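Asks: One structure is given below, represented as structure tokens, and several questions about it will come after.
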Amino acid sequence: MKNLLGSSIKDLENIALDYGQAAFRGRQIYSWIYNYRNKNKNIDQIEVLPLDFRKKLKDDGFKVSELSFQEKKLANDGTLKLLLSTNDNESIECVGIPTEKRLTACLSSQVGCPMDCKFCATGKEGLKRSLKASEILDQILFIENEMNRKVTNIVFMGMGEPLLNIDELLLSIRSINEDFQISQRKITVSTVAVPKMMSKLSARSFQILGNCQFTLAISLHASNQKTRETIIPSAKNYEIKNIIEDSKQFVKDTGRRVSFEYLMLSGVNDKLEHANELSNLLRGFQCHVNLIQYNQIDEVEFKRASLKNLQLFQSRLSNNGITVSFRKSRGLDKNAACGQLRQNARNK
């Protein structure tokens with residue numbers, strides 16, 4: 001299969017020329033895909049193209065979409081969760097999170113996840129495979145078509161560990177930036193932190209994108225190594241002090257501050273002593289802490305930290321000179337919130 005989604009204008013012009021068409025036919029395909037974001041992804045429907053050209057493209061296996069719709073769930077707050085199927089019959093989920101002025105797409109980078117974080121539903125069924133850039137981009141089109149508005153912001157916080165799929169991730173970011181016209185500064189890549197991958201991410205970003213202007217969000221979730229290992233098994237391979245050092249280097253390499261995600265778990269990491277430890281870890285370099293309320297999943301017994309503890313924790317970080325914010329959960333009533341995405345449609 002040859003997917004047209006993710007192709008540049010030049011790529012599409014060359015395809016047109018290869019079929020004996022004028023270069024502007026490639027530009028027409030580009031406009032049909034990216035400018036109109038057409039709901040109908042069938043090449044037969046690109047009526048501006050000659051019928052014989054459309055037939056040849058279709059016969060030769062060209063497609064605009066590799067995903068198909070399974071189901072959707074609309075939460076009370078307007079958040080939309082989509083369950084989509086791949087051509088090899090795997091399932092992925094993505095989420096559209098609307099506000100008055102924004103539509104944020106929460107995208108998956110893999111089918112499942114190998115990291116097995118104890119608080120997250122995605123990793124409970126393991127990793128099936130990584131997604132291609134075209135499959136990542138297709139999620140945007142599905143969200144836009146279902147919500148009838150254009151996506152303005154992207155967060156790679158869906159299923160999978162993006163840093164274990166770096167090249168396809170960056171190819172999708174290039175298209176999001178150049179073709180979907182979404183600034184890199186409106187894109188966030190979330191990672192649980194994989195050894196040696198932060199330096200690779202910055203290096204490959206400069207090679208593929210020419211720069212590195214997106215936000216890197218590291219799922220830290222603990223203020224010390226012992227606690228982190230209890231909730232993130234992969235932490236045994238990457239000490240927290242090394243994560244911080246590599247984060248500092250990422251800031252030097254890119255000029256972009258790093259965001260640290262911190263999931264507040266009652267009795268695990270939500271005490272003031274943890275806030276002080278975290279402050280000592282992060283003091284002195286360009287970073288930001290994002291506190292997150294825990295979203296319940298069936299398989300584990302973690303509990304959400306109280307709002308009082310969260311507020312005290314936030315105040316202590318702020319008083320210690322750490323830039324901190326609190327991210328409210330969206331889509332909780334439809335299992336569309338952070339940590340609740342799965343590979344299948346169970347727990348409806």
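Sequential numbering from 1, following the chain as shown.
Just so it is clear, glycine is given a Cβ too, placed from its N, Cα and C backbone atoms.
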Asks: Please pick, from SER134, SER190, SER266, the residue that Swiss-Prot records in the S-adenosyl-L-methionine site together with GLY160, GLU161, SER219, LEU220, HIS221, ASN295.
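Replies: Between SER134, SER190, SER266, Swiss-Prot records just one in the S-adenosyl-L-methionine site with GLY160, GLU161, SER219, LEU220, HIS221, ASN295, namely SER190.
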Asks: Give the sequence-ordered list of residues that share a chain with GLY160 (S-adenosyl-L-methionine binding site), lie 6 or more positions from it, and have CB atoms under 8 Å from its CB.
Replies: SER108, SER109, GLN110, VAL111, GLY112, CYS113, THR122, LEU127, SER130, LEU131
Asks: Return only the integer: C-alpha distance in Å from SER219 (S-adenosyl-L-methionine binding site) to CYS117 ([4Fe-4S] cluster binding site).
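Replies: Roughly 10 Å, rounded to the nearest whole number.
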Asks: Restricting to the binding-site residues GLU161, LEU220, HIS221, ASN295, which ones have a CA within 10 Å of the CA of CYS106 (disulfide bond)?
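Replies: Correct set: empty; none qualify.
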Asks: From the Cα of GLU93 (active site, proton acceptor) across to the Cα of GLU161 (S-adenosyl-L-methionine binding site), what is the distance in angstrom?
Replies: 14
Asks: Considering only the recorded positions GLU93, SER190, HIS221, ASN295, which residue has the minimal Cα-Cα separation from CYS120 ([4Fe-4S] cluster binding site)?
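Replies: Closest by Cα distance to CYS120 ([4Fe-4S] cluster binding site) among the recorded positions GLU93, SER190, HIS221, ASN295: ASN295.
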Asks: Would you count the other CB atoms within 10 A of the CB of CYS120 ([4Fe-4S] cluster binding site), including those on all shown protein chains?
Replies: 25
